[in-house]
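Trainee: For reference, TrEMBL lists these features for the protein:
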BINDING   S176, N208, L273, D276  Na(+) binding site
DISULFID  C47-C56  disulfide bond
TRANSMEM  12-35  transmembrane segment
TRANSMEM  91-111  transmembrane segment
TRANSMEM  120-140  transmembrane segment
TRANSMEM  173-190  transmembrane segment
TRANSMEM  202-228  transmembrane segment
TRANSMEM  248-273  transmembrane segment
TRANSMEM  304-322  transmembrane segment
TRANSMEM  328-351  transmembrane segment
TRANSMEM  372-397  transmembrane segment
TRANSMEM  417-439  transmembrane segment
Amino acid sequence: VLSMHSAGIGIGMLCVSTLVCLYYNVIIAWTFYYLGNSFQSPLPWSCDASANAKFCNTTNTTISLSPSEEFWNDRVLGVRSSKGLHDPGPVRWELALCLLAAWVIIFLCMLKGIRSSGKVVYVTATFPYFVLIVLIIRGATLEGSLQGVAFYLTPVWERLANAQVWNDAASQIFYSLGIGVGGLLSMASYNKFDNNVIRDTLVITIGNCTTSFFAGFAIFSILGHMAWRKGVPVEKVADTGPGLAFVAYPEALALLPGSVFWAILFFLMLFMLGVDTLFGNMEGITTAVLDEFPQLRANVKHKTLFLGLLCFGFYLMGLLLVTDGGIYWFTLIDSFSTSFGLIIITLFMWVNQFCQDIVDMICHCPPWCTKVLLYFKACWVFCTPFLLLFILTYIFIEMYRTSLHYGLYVFPLWGKALGVCMGTICCLQIPIWAIVAVCKESGTLKDRFQKAIQPLNSWRVNNLNSSTQEQRVEPERIDGPFTVNLTEVDFTAMAWESSEA
């Protein structure tokens with residue numbers, strides 16, 4: 001429904017999705033590794049394991065690492081054998097096998113397209129809620145849990161002056177909702193044309209934020225118990241990024257009675273969440289390619305071969321992230337793949353045209369939908385661009401003032417520049433393909449530009465029940481998402497009529 005020059009937005013989303021898929025399945029590989037080790041009793045990162053006696057000896061003040069930190073840094077990452085970004089070292093075969101298993105599972109689940117992945121999501125999307133409820137009930141019974149909940153609910157207003165907080169917040173909400181990466185759009189393309197997208201939008205956004213808030217109680221109630229056991233403030237045991245899921249929380253689970261059961265439950269939940277997220281990103285990539293090359297969709301063997309080669313290619317590229325120094329590359333891609341590049345891509349939107357498209361698709365739009373759409377339009381025109389530009393400005397200022405680091409390791413300038421290039425490449429797709437679209441048109445530069453920004457019309461002609469329509473283009477019916485077939489109508493001006501609410 002977008003104009004021809006907007007292809008750069010889609011390709012930019014494709015670039016972001018590629019970077020995310022490259023590193024995100026590594027998280028699932030780590031989860032596999034922890035899940036396999038969770039079947040041991042005692043847990044290998046607990047103080048009950050004999051190998052961790054030196055880390056749990058309270059009289060030994062020379063060792064400041066906890067057993068979970070030692071397990072994460074030495075057994076899982078092997079980061080001590082790497083000197084930095086320039087020294088990745090050998091591939092860790094245990095993680096390589098876990099990564100291979102993760103990609104095989106993704107391949108098998110997506111093999112039959114949305115039919116198979118849609119059924120898998122019934123399990124992967126509901127099971128984490130069951131685990132969260134169980135963890136919240138268990139956490140509420142622990143001593144010190146209220147201390148952790150109080151820390152979770154108490155705001156620290158001074159942190160709002162930190163640009164990284166705004167960057168993380170924007171990236172997280174875009175990432176969790178699938179904004180700017182194309183996965184949610186690809187999934188939505190399988191809906192009926194007149195599906196009520198406003199209703200779905202409200203359900204998804206409210207459900208997403210409520211789930212995130214709900215999950216915080218499960219995390220911090222148990223971290224509060226861990227802080228109580230250690231006799232330290234909660235902020236001393238709370239962590240961010242991979243450290244929370246693979247260091248702080250496993251250590252807290254190891255303190256619970258029946259720690260093996262809780263560890264299995266937690267990492268099984270992480271696996272489900274990881275698979276769910278990767279489904280959306282992979283669906284965005286595969287749908288874009290299959291729509292561009294429809295012959296792949298028509299031939300099952302060709303589609304299977306394409307999907308297999310895609311997953312295998314991601315696996316080969318992901319091997320860099322499971323080396324001894326892989327965590328440095330993971331941090332680099334994670335910091336810049338969903339940073340300013342994703343925010344810039346979301347800024348490009350034709351608001352009036354987009355709102356008209358929504359009204360035409362809903363057809364019989366209830367009064368409440370119309371009012372909500374006016375609120376959305378006000379946000380898209382004023383609030384969202386202002387906030388995104390503010391965050392972008394803050395990010396660019398802080399990008400030169402602060403250094404990127406993992407633990408005590410500070411990333412070199414060339415590494416930071418490489419990360420900036422990742423985000424820039426995603427953004428450059430928009431002007432590059434806009435120029436290509438203008439060059440493909442004929443006439444003066446002004447005529448070319450007007451033709452390039454003119455939205456496609458054939459989908460309206462096929463779906464609006466207007467008595468004044470002079471032409472009707474019958475769409476080709478295929479087993480796939482809603483697609484648009486270009487006709488002569490797309491390149492001629494016409495009057496559009498909006499359906500009545």
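Note that Cβ sites are derived from N, Cα and C of the backbone, with glycine treated the same way.
TrEMBL labels come from automatic prediction, so no person has curated them.
Since we're looking at a predicted model, the values are computed, not measured.
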Trainee: Which are the residues of the chain, S176, N208, L273, D276 excluded, whose CB is within 8 A of where the CB atoms of the Na(+) site average out, their centroid?
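Mentor: Going along the sequence, the neighbours come out as T211, T277.
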Trainee: To the nearest whole angstrom, state the Cα distance for the pair D276 (Na(+) binding site) and C47 (disulfide bond).
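Mentor: A Cα-Cα distance of 33 Å.
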Trainee: Based on Cα distances to C56 (disulfide bond), point out the closest of the binding-site residues S176, N208, L273.
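Mentor: Nearest by Cα distance to C56 (disulfide bond): L273.
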Trainee: C-alpha of N208 (Na(+) binding site) to C-alpha of C47 (disulfide bond): distance in Å?
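Mentor: Pair distance, Cα basis, whole Å: 36 Å.
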Trainee: Thinking of Cβ pairs under 8 Å, which stretch from 12-35, 91-111, 173-190, 248-273 has the most of them with the transmembrane segment (417-439)?
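Mentor: Counting Cβ pairs under 8 Å, the winner is 12-35.
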Trainee: Any idea what the Cα distance is from C47 (disulfide bond) over to L273 (Na(+) binding site), rounded to a whole Å?
Mentor: 28
Trainee: Name the range, of those listed as 91-111, 173-190, 248-273, that has the largest tally of Cβ pairs under 8 Å with the transmembrane segment (304-322).
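Mentor: Going through each listed stretch, the top one turns out to be 91-111.
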Trainee: Which stretch from 12-35, 120-140, 173-190, 202-228, 248-273 shares the most C-beta pairs under 8 Å with the transmembrane segment (91-111)?
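Mentor: Top-ranked stretch among 12-35, 120-140, 173-190, 202-228, 248-273: 12-35.
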Trainee: If I count Cβ-Cβ pairs under 8 A between the transmembrane segment (248-273) and each of 12-35, 120-140, 173-190, 202-228, which range comes out on top?
Mentor: 120-140
Trainee: Validating a neighbour-count step here. Other CB atoms within 10 A of the CB of S176 (Na(+) binding site): how many?
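Mentor: That number is 15.
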Trainee: Judged by the number of other CB atoms within 10 angstroms, which among C47, C56, L273 is the least packed of the recorded positions?
Mentor: C56
Trainee: Can you tell which of N208, D276 has the least company, meaning the fewest other C-beta atoms within 10 angstroms of its C-beta, among these binding-site residues?
Mentor: N208
Trainee: Under an 8 Å Cβ to Cβ limit, what residues of the same chain, 6 or more beyond the ends of the transmembrane segment (202-228), are close to it?
Mentor: 129, 132, 135-136, 138-140, 142-152, 176-177, 184, 234, 236-238, 244, 248-249, 251-253, 255-256, 372
